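Trainee: So TrEMBL has the following annotated:
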type	residues	note
BINDING	Cys80, His396, Glu438, Asp468	Mn(2+) binding site
BINDING	Arg119, Lys333, Arg364	phosphoenolpyruvate binding site
REGION	1-22	region 'Disordered'
REGION	258-286	region 'Disordered'
Amino acid sequence: MNGEQTRSNGMSTTNWEPSSWRSRPIKQPVHYEDQAAVDKSLAKLQHLPPIVTPTEIWKLRRSLEDVALGKAFLLQGGDCAELFDYCNDEAIDSKIKLLLQMSLVLIWGGNKPVVRLARMAGQYAKPRSSPMETVNGKQIPSFRGDILNGYDIEHRDLDPERLVQAYFHSAATLNYVRAQLSSGIADLHKPLDWGLGHVQDPEMQKKYTTIVESISESLRFMRTIGADTAGQLQTVDLYTSHEGLLLAYEESLTRKLKHPSNRNVPPTMKAAKAPKVSPLTGGALTNNSIQEPETTGYYNTSAHFLWVGDRTRQPDHAHIEYFRGIENPIGIKVGPTTSVEDLTQLLDIVNPRKEVGKVTLITRYGEGKVNELLPKHIEAVRKTGHVVVWQCDPMHGNTRSTTTGVKTRSFASIFSELSSALRIHKETGSFLGGVHLELTGDAVTECTGGSQGLQDEDLGERYETFCDPRLNEKQALELAFLVAGSQRGSSAV
């Protein structure tokens, strides 16, 4: 970290290292039986090349500055718990296309650029309420994500080799994403090629086709007048993200690297001009205490964006200690248990220089609590002077179980919290900068409601999640249309 900054609790933020978190208490700890095998895997990770680059990370940070200032909108979505088996072309293509379709709808609705952030290429670790669970009357380790153990009962023991497997599955996934984008999968000249997959609803198809035809007509006009020559409409940026839960893995992929040219040094950190010299004594006439800014920083090279979860965001614990030191943009989950005091302290710890858009606050209250809690948090953050990205996660606060014990979420509750967030930000003079969704491009039946009218008894048709329920392709696209409609009706969003 550059400069001598001080936390609100009086602790200096200098002398940070990727391993600093190890001296702090930690939630969601991992206890392996074979530490030698763990050390071997971590040593391997430390010598593997970065998955993402500082240039990409800073490009995202600049985009998130625009989101924080209301000039762009952030769409973040993907699987709750990504599996190694999802590293195949069909699964990856379906998520890319769904995010592209949703972003096209949101661009139409908000008339502003959309920043696309996938929960993909690394979302392999999941926090659990208990390290053990009961299956068929027997206590076994909980499934904690493919990076730690397998979902099948016989694979529940923690396996250090999975740390290395997570790296290679992440790298392969992102490599394929980059190849598809460079090959024109996101070319706006042919958005119908994205298809609607499993969405067969005539009304949904009509809405999407209308937007596509409007964009196609505009592109034809630009081409006619010679304005469509830059090639910028043939691809998009798609960034990766995951919860930074397993700190040993994140530490191993954190590197001290040279800052890229697209990192604009804040005015207070710019290098001092060469001091003027006295023609009589040869001594400097300026204050030599001004130091040159550092040219390197610590980058987490496992993903472009990482967030800290609701279970691990304690200000004096290991996860926040780790997150405060990396150059990547970061997210913090904010829920019903987040006090105003903790929220403001967290912002000062992880972003002492108050850099615009460095932090995304991901709110997840539940439809019954958003009206009470969100206005208080907006006002508290405003008083601190921090300019953050406000992002609504309407999924996690609205999880329920059916009478038969199946975990699900109601589309109506999801949209209710999202609608409330849109309204509250408008009423308080703020604006909602983005949405954070758990979704899949498959025609699963994990969330009830939506235009399909899925009921509790329908969940068994295709309930395929290994953790939390996801919106299917049709529900996700439908939600994008509802948000877009709200945006078109309000210039404050």
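Any Cβ shown, glycine's included, is placed from N, Cα and C.
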Trainee: Counting other Cβ atoms within 10 Å, pick out the least crowded of the binding-site residues Cys80, Arg119, Arg364.
Mentor: Cys80
Trainee: Counting other Cβ atoms within 10 Å of each residue's Cβ, which of the binding-site residues Glu438, Asp468 comes out lowest?
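Mentor: Result for the binding-site residues Glu438, Asp468: minimum number of other Cβ atoms within 10 Å at Asp468.
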Trainee: Restricting to the binding-site residues Arg119, Lys333, Arg364, which ones have a CA within 10 Å of the CA of Cys80 (Mn(2+) binding site)?
Mentor: Arg119
Trainee: Of all the binding-site residues given, namely His396, Glu438, Asp468, which is spatially nearest to Arg119 (phosphoenolpyruvate binding site) at the Cα level?
Mentor: Glu438
Trainee: How many Å lie between the Cα of Glu438 (Mn(2+) binding site) and the Cα of Lys333 (phosphoenolpyruvate binding site)?
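Mentor: So the Cα of Lys333 (phosphoenolpyruvate binding site) lies 14 Å away from that of Glu438 (Mn(2+) binding site).
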